[in-house]
Amino acid sequence: MTYQRYIVHAYSRRPEAGRTSAVWRSAWSTCPVTDSISQASDPRAGSFTLSPEPNGTTVSPRAWWALVVLLAGMAMALLDTSIVNVALQTIRTSLNADEATLSWVISGYALAFGLLLIPAGRFGDRFGHKWIFIAGVAIFTLASMWCGFAQSSTELVVARVVQGIGGGIYVPAVASLIQLMFPPRVRGRAFGVMGAVIGISTALGPLVGGLLIQAFGETEGWRSIFFVNAPIGVLTVIAAFLLVPGGAEGKRLSTDVVGLLLAIAGLVALLVPLIEGEDQGWPLWTWLSLAGGVVLLVLFAFWERHVATTTTEPLVPPHLFSHPQFTGGVLLAFVYFAAFTSIFFSISLLWQAGLGHTALESGLVSLPFSIGSIVGAALSDPVAQRLGRNVLSLGTGLVALGLIALWLLFWLAPTQDLVNWDLLPPLLVAGFGSGLFIAPNARFIVATVDNSEAGAASGVIQTMQRIGSAIGIAIIGSVLFGQLPSSFAPSKAKAAEIARQHAAGGADAVKHAIQQYVDHGLAVAFGNGAALAMLTSAAFAVAAFLLVFTLPKRVSLG
């Protein structure tokens, strides 16, 4: 039985009812590396000359303005990953959404985003990356408006999936267009600017979300986090049309449709029971769905091996996995993003549903992690030059240490006494470790394959990061929500006993006493759930720490 069925009435009477917040992940994950992007073709159809010579350093000012446009679009997609966690609790109260819906709001977006990354790059090769970028931003913007107008939790989830499709379509085009617009000696600077924008946009997401919800109201203010994309999206489309070079590349489109459908079916078959199973009591169909998902993914692997022998290009080139180090690196990307994506999913629900804080207060909790992540990312390159692979060991180790500290804090400290300052040290440590890891990790993984395979390898890595995020939210959500009924039961029973004993009189005093037990029960239940969720995230981080040792000790970071 879902916890909402017996606390929603009491919770709705609390003065803080409906308040929300938290954060999500540091999305440096989409920051590609110059040596991991497939070579773009000559910009014949571009609207301006980019460089007087192939290896020159002179770039038209218009190219830098085009970069601003591209990064505005990317920032919008990344902002929507971290900003939504801040709105989970107000979405729950506004749309009467159950806990599974809260997981789907994030997992659905991440899964759709990830699955579109690889085929979207090929669409860009065929139709022109400029036009794919514009089409993706347009879809994302319209879907954002749909999210804002959603009248039911199901409608919101569907709109979020469409939004993820839009993001997955246009985000890969950003790296391809940078590759196209800038000569090699300047390209690194352009990618560096992109990395900074990624870090800042994801770091500011929770705070921006909290401010918007605070400004537009705790009940319906969550809609503003989607509506804010409308003017940004419209301006980005217009500016991209005017400034970004592009045109049809004219390459033959060879899309592995069967492989894409098998991957989608297999992952959805896994996600549905992971998200819905706890609320449904794990009936037979959930186990059958899990088994079916595994079978479908095995079929996907065999299909990709078959497609590789034909003229059609496979969705995931199977020969990449002939490199054991690359296989270990892909697993590393998967488990790491399963760990850190879910951190503020858990903290958001604890801070708002458990402790009744506002969205803005909850958003402020994320700042230590965000600041640590930005500092860690800024230092990651010189540290990687000195330590090599050990920079990734240090990063994942610090994340694991921070998550273990959060687990102990949530498990041992009285939940109702927790304040933002208590979370500052572990979140700062975890954020710093995350920054050290995320910025250079793709380069170490891509270095395990030949240069000719770098583009395909980069696409697989980014896709696995998104799938790891989706699976991680599903698992962590199931763990957290599964803990609520048993943890809330003692307070529920005590409140019911008080109600029976004083049914005849003292109504105000009785209501106050009952409310105290309800508040205490919510804090304890969400505290226990968040503790178990942090322990699970820490286990993922430890697995990531061990998988780092499958990568080469040193790679070229130039």
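Placed from the backbone N, Cα and C atoms, the Cβ positions cover glycine too.
Database features, via TrEMBL:
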DOMAIN    66-556  domain 'Major facilitator superfamily (MFS) profile'
TRANSMEM  64-88  transmembrane segment
TRANSMEM  100-119  transmembrane segment
TRANSMEM  131-151  transmembrane segment
TRANSMEM  157-178  transmembrane segment
TRANSMEM  190-213  transmembrane segment
TRANSMEM  225-245  transmembrane segment
TRANSMEM  257-275  transmembrane segment
TRANSMEM  330-353  transmembrane segment
TRANSMEM  359-379  transmembrane segment
TRANSMEM  424-446  transmembrane segment
TRANSMEM  467-484  transmembrane segment
TRANSMEM  530-551  transmembrane segment
Output the single range from 157-178, 424-446, 467-484 maximising the number of Cβ pairs under 8 Å to the transmembrane segment (330-353).
467-484
Long-range neighbours of the transmembrane segment (100-119), counting only residues six or more past its ends (CB under 8 A):
24, 77, 80-81, 84-85, 88, 91-92, 153-154, 156-157, 160-165, 167-169, 171-172, 255, 260, 263-264, 267-268, 271, 275-276, 278-279, 315-316, 341, 345, 349, 459-460, 462-467, 469-471, 473-474, 477-478, 481
State the residues, same chain only, that lie 6 or more residues beyond the ends of the transmembrane segment (131-151) and have a CB under 8 A from a CB inside it; answer 'none' if no residue qualifies.
70, 73, 76-77, 80, 95, 120, 123-124, 159-160, 162-163, 165-171, 173-174, 177, 223-224, 226-227, 229-230, 232-234, 236-237, 240-241, 244, 246-248
Remote residues contacting the transmembrane segment (157-178) - C-beta distance under 8 A, at least 6 residues beyond either end:
30, 32, 37-38, 40, 66-67, 70-71, 73-74, 77, 80, 101, 104-105, 108-117, 120-121, 123-124, 129-130, 132-144, 146-147, 150, 187, 190-191, 194, 244-246, 459, 462, 466
As a test: from 257-275, 359-379, 424-446, pick the stretch that has the greatest number of Cβ pairs under 8 Å with the transmembrane segment (467-484).
257-275
Ranking 225-245, 257-275, 424-446 by the number of C-beta pairs under 8 Å to the transmembrane segment (359-379), which range is first?
424-446
